[in-house]
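Novice: This is the structure, below, for whatever I ask next.
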């Protein structure tokens, strides 16, 4: 497999593709910025502290638990747009105003990806945003404590015979006695990114443990032909809905196997995904479309494309399958061109929308895939999708108080809702598509070093892993709060090697400048320093840690990130 982080850091000549098509990337970037503030400012004026803005009536509503959800979801987007002062203000507002000790029935899935994920991401980005962090950060901090509190409210949902969680939990009382045991597959398998991050930062293994147990329970209950269904009874482990596909109800389970594998350097999770991938290709893929099939027989049950499936090309790019990803992306892009958006359901044989599924709630998935694939290929077609998305959303969805869900793409009727993912994901991925120099795209050439109770720690070196709500998690942070000395040595050795390379480069350039020569030279002090470092107890490396393709799988941390190799 190719490396996610090497792929992510791939840099082609500036202007490749975009100039050839005459697309003004900077102009579209600023239009996306304006879109964000039009929506964000109207949320603050008309809807805060409710969860979401109702843009047609210019008021607000609670939808997922009364958390001021749009504010949490938009927080890291503020920093990606460069607004550190508003980021700092919102951090203070959230600390003062958000309370999880409330008598509210909340979605376990949505609370995790939006609230826990949003708070963890903001916590890890706080120092970069100029927030005065407390001693011990990133292993402590108010946003981390809030994320932990929210996650603990979800833990009662996992107390089932199978380890698979209920879909809903009361934040004050736990699981209601009459709660349905039927949960969708994604609602069971979409915790490892947030919960493992939380365990690594806090030192409490319970979060990662329950997330892994849930993942493995789904794996254990796959069909003989290697597929999982859509809904399962978490008490009996019996499949209630047996449709297998890559879309709604299943999607982020597959996503988190890949992203969990990348984040945790976990071969088992990647192996699970690759086995699923084989079955998906064998039974659901037709002409670069993915259909829904019966999970035990593999027979087609629904020949439809769902807009939520549009994340798949981006996921394929993370495992290096770029050619297949582009072919599927282009199929999906034809649907966008047909309607000016992606309808929730699209009948592939008929080439048209499905009754009562004609809407487009400003979802991000196709834009997300475009962003990933553009980082990998620089294909200008991907920028054109971004251009079309900006034009469509502005023309169809923009109203005086924000951006409204499109109820029907056929006649452009609107619905009185702006979901928080519009600011968390849709706008963010659009902006990153048009902003090649954003810090999120860092290739490891710059980074920060912070001091933790466990030694030096490298942060902000790039390779961010987005959760399914587009909240970026810095994978290096997972290694900041461990007590294992050998890991601290490995980080320190990496830093010394990196600084040594930089020093040698400067010395060589200076010698060449002084002598008018291009031959290499070595600083005696550097040589002496490096000789001393070879006495370190950690194993001597036979390759440079800055060489992305040649890293061993079990390297604990690398400036350019971890790789998955074919021979591991």
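Every residue number used here counts from 1 along the chain in the order it is shown.
The backbone N, Cα and C atoms fix where each Cβ goes, glycine too.
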Novice: Could you tell me which of the ranges 477-512, 513-548 is annotated in TrEMBL as region 'Disordered'?
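Specialist: Range annotated as region 'Disordered' by TrEMBL: 513-548.
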Novice: Could you give the Cα-Cα distance between residue 468 (Ca(2+) binding site) and residue 110 (active site, proton donor), in whole Å?
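Specialist: Here the two Cα atoms are 10 Å apart.
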Novice: Could you work out which of the active-site residues (110, 251) has its C-beta surrounded by the smallest number of other C-beta atoms within 10 A?
Specialist: 110
Novice: By Cβ count within 10 Å, point out the most packed of the active-site residues listed: 344, 365.
Specialist: 365
Novice: So of all those active-site residues, 251, 344, 365, which one's Cα sits nearest to residue 110 (active site, proton donor)?
Specialist: 251
Novice: Distance between residue 344 (active site, proton donor) and residue 365 (active site) at the Cα atoms, whole Å?
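Specialist: Distance (Cα to Cα, whole Å): 12 Å.
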